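Residues annotated as domain 'Ig-like' in TrEMBL: 15-128. Marked as signal peptide by TrEMBL: 1-26. Look at TrEMBL and you will find 163-180 tagged as transmembrane segment.
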Amino acid sequence: MVLQYPTLMFGASVPFLLILIQVSSCTLKVTGYIGQDVTLPCTYDAQANGIQSFCWGHGKVPQFKCNNMILSSYYGDVTFRESPRYQLLSQVTQGNVSLTILNAQRGDAGNYGCRVEIPGLFNDYKINIHLIMEEEILISDEMNATGSTSEEIFRVLLNNSNIGRIATIFLLTIILILIIRKKVLARRATAPQQFSIFTVENIYDTIPVDK
């Protein structure tokens with residue numbers, strides 16, 4: 001009985017330890033666009049824990065350190081960086097150790113892991129991120145092509161290359177209106193004269209002539 005007691009205690013403690021290990025870890029999904037920068041979030045409470053060492057790696061965070069390490073920092077100083085595209089653009093001293101991938105490409109998609117080494121047994125903060133890379137959707141271009149506002153249309157019309165064309169079209173329109181107006185007035189002016197001549201001729205035709 002005495003020999004079996006530690007064994008039973010150890011067997012019962014294993015699931016408990018595994019629960020402790022998984023408590024401080026989580027998984028996020030991040031979507032990035034090809035050709036743009038994408039940031040993988042990872043933050044911890046630096047005020048309570050101070051500035052701590054951390055690492056980033058490809059793949060999910062293992063029991064210790066990081067798999068396929070791509071960046072590591074020792075108490076605020078970067079000690080390893082696999083590529084200059086991996087940058088820490090956030091406030092690291094305030095606990096924001098998010099990783100930014102510059103000019104992300106389709107090959108950057110996959111799983112990433114961040115580990116912050118918090119002092120104490122099983123206190124490390126871990127986060128797993130699944131990065132999805134997609135083609136960028138140019139919504140603004142589609143909106144301009146299908147439904148431009150009146151301001152945008154007016155702005156385009158006032159472009160230097162369009163001012164001359166607008167002036168020419170306006171001038172030609174005025175000239176065309178004047179020509180049409182002149183023809184209409186000319187027809188109206190000649191119509192009464194023809195009627196009067198016709199009337200006079202009819203009068204002479206109807207007057208009896210004495211023989």
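The backbone N, Cα and C atoms fix where each Cβ goes, and this holds for glycine too.
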Averaged over the domain 'Ig-like' (15-128), what pLDDT does the prediction give?
-> 89
The domain 'Ig-like' (15-128), counted residue by residue under DSSP: helix, strand, coil = 19 helix, 46 strand, 49 coil
